[in-house]
Amino acid sequence: MPIEIVCKIKFAEEDAKPKEKEAGDEQSLLGAVAPGAAPRDLATFASTSTLHGLGRACGPGPHGLRRTLWALALLTSLAAFLYQAAGLARGYLTRPHLVAMDPAAPAPVAGFPAVTLCNINRFRHSALSDADIFHLANLTGLPPKDRDGHRAAGLRYPEPDMVDILNRTGHQLADMLKSCNFSGHHCSASNFSVVYTRYGKCYTFNADPRSSLPSRAGGMGSGLEIMLDIQQEEYLPIWRETNETSFEAGIRVQIHSQEEPPYIHQLGFGVSPGFQTFVSCQEQRLTYLPQPWGNCRAESELREPELQGYSAYSVSACRLRCEKEAVLQRCHCRMVHMPGNETICPPNIYIECADHTLDSLGGGPEGPCFCPTPCNLTRYGKEISMVRIPNRGSARYLARKYNRNETYIRENFLVLDVFFEALTSEAMEQRAAYGLSALLGDLGGQMGLFIGASILTLLEILDYIYEVSWDRLKRVWRRPKTPLRTSTGGISTLGLQELKEQSPCPSRGRVEGGGVSSLLPNHHHPHGPPGGLFEDFAC
């Protein structure tokens, strides 16, 4: 029967001390190589932190009233800083801006703006044919009758051409323009370009941006001065009211840049007959801020469809393009004044579909035709004044000159004088009132005032948090190792087979039966080499 003998081996104290010393030296060496391997505690960190008051509130030392007061002071200062920081952040997120005005130095030459004018009456009564009256009945309110005064119910007219009707029946500038001068030089109807608006056939002076006329001086006599006959005898009689019925007499005028199409039915101003109207202009160059400070449209954000038919983006061009898309989608045609090559709407579609579509469109931020302002814009500020004309002497003179009576002169003649107040332009620029650099500066001032901190202090706190977190993760990831032997003090318990395998000495006998004489206590054999090493076997 096999016998298992368990022995206890006790090493001499002289053998253990050098090993402990060696292990201690190795541990000291590792500690010198990798200092701070274990994270610092909060008290140690607080005593070395540059955050004011943290060392006195959380540092090493006894807990007492003094430390409590310091902790309250630290928390109060921290709360005050957070309150101020929240207010600064809210102010920054509102994106405030201011407007700076910089008057420019006088220039020797200034580009004269484009001047668009329209007679308020769209169709001349004498120029309307029977077919025109028939097709325009819904627009003009005139009853469709033939030349004998009978209703033209059974007549068949050719399909109307709205462009031809407007071009043929609109007021002709050659008949209205009685005199024209620009900067002391004579001008004529040939210096005007035909343009179509909601008022029909209109005319624009100085329309071409490639050959813009210059103005070399400010004040009256250095701009455009024209005398017009509005031809009130050609105004349509009112039989019934329609959307196109007008009770006014005079012209509509808009002063704009050459890159901007006229939007005269909303942006124009009226000029009455019997008056000389003075319009003093001031060029204004406006610069708006894009998102998030404003809502202007930058040139880099423009898309090709938004510029279709125009050389540059403008609010007027955007509105006209949007209105055309709406009318085209609902009425399957476009109005004469809209850009594009699509089919022109006939007169009956004007009143039945197109006008209602335009009336339903809104231009507000929530409307389908909201057009943001371009970030760079040139506009012209206006100051308007007027005097009554003609006086008694000039009324008789003009009546003889144009073969009219004085009453006709007073009711139909007007003078328009457009000029620069001075050859200077105003630069108005939106600027961010509170930017990121100002926010950081204010936050730094509040941090220094309340808690005495800086960016480096925040880095210290983040570094300590990282150090503690990393140590916790290492402890979680570390797996415990199962030891091969269980040691208590200097005593180890081994089985006989382990003793045979781990002993550096060869076996001297067999463990069978009673053959155990070779396993004797150490003092029964000759002592080992000198040096104080003793091995005691307890079996």
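Placement of Cβ uses the backbone N, Cα and C atoms for every residue, glycine included.
These numbers come from a predicted model, not from an experiment.
The feature topological domain 'Cytoplasmic' is assigned by Swiss-Prot to 1-68 (among others).
Look at Swiss-Prot and you will find 69-89 (among others) tagged as transmembrane segment. Through the fold, the transmembrane segment (69-89) approaches residues 53-54, 56-58, 439, 442-443, 446-447, 449-451 of its own chain, all at least 6 residues removed from its boundaries and within a Cβ separation under 8 Å.
According to Swiss-Prot, the topological domain 'Extracellular' annotation covers 90-438.
Look at Swiss-Prot and you will find Cys118-Cys202 (among others) tagged as disulfide bond. Mapped onto three states, the DSSP output places Cys202 (disulfide bond) in strand. A simple way to gauge crowding: the CB of Cys202 (disulfide bond) has 28 other CB atoms within 10 angstroms, across all the protein chains here.
For Cys180 (disulfide bond), the same-chain residues lying six or more positions away in sequence with a CB closer than 8 A to its CB are His186, Cys187, Ser188, Ala189, Asn191, Leu224, Glu225, Ile226, Met227. The disulfide bond annotation in Swiss-Prot covers Cys180-Cys187 (among others).
Its Cβ taken as reference, Asn191 (N-linked glycosylation site) is surrounded by 19 other Cβ atoms within 10 Å in the chains shown. If you look up Swiss-Prot, you'll see Asn191 (among others) marked as N-linked glycosylation site, on the strength of sequence analysis.
The N-linked glycosylation site annotation in Swiss-Prot covers Asn243 (among others).
Around the Cβ of Cys296 (disulfide bond), 19 further Cβ atoms fall within 10 Å across all displayed protein chains. The feature disulfide bond is assigned by Swiss-Prot to Cys296-Cys375 (among others), with similarity to another entry given as support.
Taken from Swiss-Prot, the feature disulfide bond covers Cys318-Cys371 (among others), and the record attributes it to similarity to another entry. Secondary structure at Cys371 (disulfide bond), taken from DSSP and collapsed to helix, strand or coil, is coil. Packing around Cys371 (disulfide bond) is summarised by its Cβ count: 19 other Cβ atoms lie within 10 angstroms of its Cβ, all protein chains included.
The DSSP secondary structure for Cys322 (disulfide bond) is helix. If you look up Swiss-Prot, you'll see Cys322-Cys369 (among others) marked as disulfide bond, on the strength of similarity to another entry.
Per Swiss-Prot, the feature disulfide bond maps to Cys331-Cys353 (among others). Long-range Cβ neighbours of Cys331 (disulfide bond) (same chain, at least 6 residues apart, Cβ-Cβ under 8 Å): Cys345, Ile349, Cys353, Ala354, Thr357.
The annotation disulfide bond is assigned in Swiss-Prot to Cys333-Cys345 (among others). Other Cβ atoms within 10 Å of the Cβ of Cys345 (disulfide bond), summed over all protein chains shown, number 23.
All protein chains shown were included, and the count of other CB atoms within 10 Å of the CB of Asn376 (N-linked glycosylation site) stands at 16. Feature annotation from Swiss-Prot assigns N-linked glycosylation site to Asn376 (among others); the stated evidence is sequence analysis.
Taken from Swiss-Prot, the feature transmembrane segment covers 439-459 (among others).
Here Swiss-Prot flags 460-539 (among others) as topological domain 'Cytoplasmic'.
According to Swiss-Prot, the feature region 'Disordered' maps to 501-531.
Within the set of recorded positions Cys202, Cys296, Cys333, Cys375, Asn376, the entry lying nearest in space to Cys322 (disulfide bond) is Cys333 (CA atoms). The Cα of Cys369 (disulfide bond) lies closest to that of Cys318, out of the recorded positions Cys118, Cys202, Cys296, Cys318, Asn376. Listed in sequence order, Thr197, Tyr199, Gly200, Lys201, Cys202, Tyr203, Ile251, Arg252, Ile264, Gly268 are the same-chain residues at least 6 apart in sequence whose CB falls under 8 Å from the CB of Cys118 (disulfide bond). Of all the disulfide-bonded residues in the list Cys296, Cys318, Cys333, the shortest Cα-Cα distance to Asn376 (N-linked glycosylation site) is found for Cys296.
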